[in-house]
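Feature annotations, courtesy of TrEMBL:
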- Lys18: active site (ACT_SITE)
- Asp144: active site (ACT_SITE)
- Pro102, Val103, Ala104, Gly105, Gly106, Met107, Ala108, Gly109, Gly110, Ser111, Ala112: ATP binding site (BINDING)
- 77-152: domain 'GHMP kinase N-terminal' (DOMAIN)
- 210-285: domain 'GHMP kinase C-terminal' (DOMAIN)
Amino acid sequence: MTASRLVPGPVTVRVPAKVNLELLVGPLRDDGFHTLATVYQAVGLYDDVTVAAADTWGVSVSGALAAGVPTDADNLGLRAARLLADRYAGGPAHVGIRKGIPVAGGMAGGSADAAAALVGLDQLWDLGLDRDELEEVAAELGSDVPFLVSGGTAMGSGRGERLAPVLARGTYHWVFALAEGGLSTPEVYAECDRLRAGTVVPEPVATPALMAALRTGDPHELAPQLTNDLQPAAISLRPELGETLDAGMEYGALAGVVSGSGPTIAFLVENNEAGIDLAVALTASGVVRDVRRAAGPVHGAHVIHQRAD
Ligand SMILES: C[C@@](CO)(OP(=O)(O)O)[C@H](O)COP(=O)(O)OP(=O)(O)OC[C@H]1O[C@@H](n2ccc(N)nc2=O)[C@H](O)[C@@H]1O
Ligand SMILES: Nc1ncnc2c1ncn2[C@@H]1O[C@H](COP(=O)(O)OP(=O)(O)O)[C@@H](O)[C@H]1O
């Protein structure tokens with residue numbers, strides 16, 4: 001065996017985007033976060049993140065959606081790598097991100113890259129961390145990073161980082177309407193506070209009717225349960241999103257909701273064919289910049305390739 005064979009080869013991890021089926025925003029906490037009751041679903045739009053041993057820490061970003069992603073120490077994939085190295089043993093690494101998730105779109109693309117870097121480096125550095133240990137580090141990086149480690153369909157409480165499983169049957173088909181430019185998550189939360197000023201905001205509790213709908217596996221049951229407390233704030237900051245929602249409903253969506261903090265709009269459709277029809281109609285209408293189709297739930301961050309060097 002040669003010495004070079006002892007260096008583990010690059011590890012590639014595929015990680016999905018998310019949509020919030022329900023996003024109930026409670027009061028602002030003293031630490032600047034809001035209490036949430038949310039139900040996440042991982043959907044099949046992916047970033048591929050390759051981690052490799054390197055002489056110095058570094059990150060690179062590629063793909064049609066790479067614009068606007070930082071390539072310095074602010075990059076969430078790189079931040080995740082360095083945090084994991086601080087917590088456990090691990091030398092410098094390069095994080096290569098191929099973006100397929102819209103940036104600043106409310107689909108948790110940055111969080112996804114953080115989750116993927118953790119899963120990839122756990123393997124590269126042979127740390128043998130279990131799901132709970134990975135999710136603990138993930139929570140330090142962002143409220144929805146733990147969910148991108150696990151994927152599927154799950155409830156999030158606390159600031160969104162405390163996960164509990166949800167029984168969801170079947171596969172749901174989505175069409176995502178991408179907007180021009182992103183929205184800043186803190187600004188959307190701040191706008192939500194501004195719109196609700198003077199009202200008493202209760203502690204949020206996940207809706208039993210949503211859980212019941214997910215157990216049926218029927219998109220017609222799920223459609224009326226989609227809800228997002230950040231939607232009025234996103235529309236207030238970006239009024240044209242109202243037009244996109246109207247267009248999607250007119251062209252046959254079962255329901256439409258702003259994805260997380262927006263500005264992506266998630267449309268639930270009956271099946272794959274209905275998704276193709278809606279995507280074509282939205283594109284032809286000129287109302288949206290671009291569309292993507294995806295199904296959910298899908299698995300969270302998972303290794304798809306390790307090169308044997
Ligand atoms: C809104 C959601 C819905 O799932 O996702 P996105 O749509 O942005 O992807 C999440 O709450 C975003 O989670 P994440 O993007 O990880 O945000 P974090 O880095 O934890 O927090 C960024 C900022 O958002 C605000 N924030 C976030 C979570 C929370 N429960 N309350 C908040 O007020 C705070 O201002 C915080 O400083
Ligand atoms: N790896 C990354 N991918 C995308 N955005 C990142 C990444 N690292 C840091 N960011 C920053 O995080 C911001 C939010 O990005 P993203 O996670 O895609 O959106 P959202 O929070 O709306 O889901 C971006 O505007 C960008 O400046």
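The first residue you see is number 1, and the count goes up from there.
Heads up, the Cβ atoms here are built off N, Cα and C, so glycines get one too.
Where the annotation comes from TrEMBL, it is an automatic prediction and has not been curated.
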To the nearest whole angstrom, what is the C-alpha distance linking Lys18 (active site) and Ala104 (ATP binding site)?
-> 12
Fewest other C-beta atoms within 10 angstroms, as judged across Ala104, Ala108, Ala112, which are the binding-site residues = Ala104
Please spell out the DSSP helix, strand and coil residue counts for the domain 'GHMP kinase C-terminal' (210-285).
-> 46 helix, 11 strand, 19 coil
To what whole number does the mean pLDDT across the domain 'GHMP kinase N-terminal' (77-152) round?
-> 96
Could you work out which of the binding-site residues (Pro102, Gly106, Gly110) has its C-beta surrounded by the smallest number of other C-beta atoms within 10 A?
-> Pro102
Integer Cα-Cα distance in angstrom, Asp144 (active site) to Ala112 (ATP binding site) = 9
Residues lining the ATP site besides Pro102, Val103, Ala104, Gly105, Gly106, Met107, Ala108, Gly109, Gly110, Ser111, Ala112 (CB within 8 A of their CB center) are Ala17, Ile101
Close-lying recorded positions around ligand 1 among Lys18, Pro102, Gly106, Ala108, where CB distance stays under 6 Å | Gly106, Ala108
Hits among Lys18, Pro102, Ala108, Gly110, Ala112, Asp144, i.e. recorded positions with CB under 6 Å from ligand 2, come out as Ala108, Gly110
Per DSSP, Lys18 (active site) is which: helix, strand or coil?
-> strand
DSSP assigns the residues of the domain 'GHMP kinase N-terminal' (77-152) as 44 helix, 7 strand, 25 coil
If you draw a 10 Å sphere around the Cβ of Lys18 (active site), how many other Cβ atoms fall inside it, taking every protein chain shown into account?
-> 31
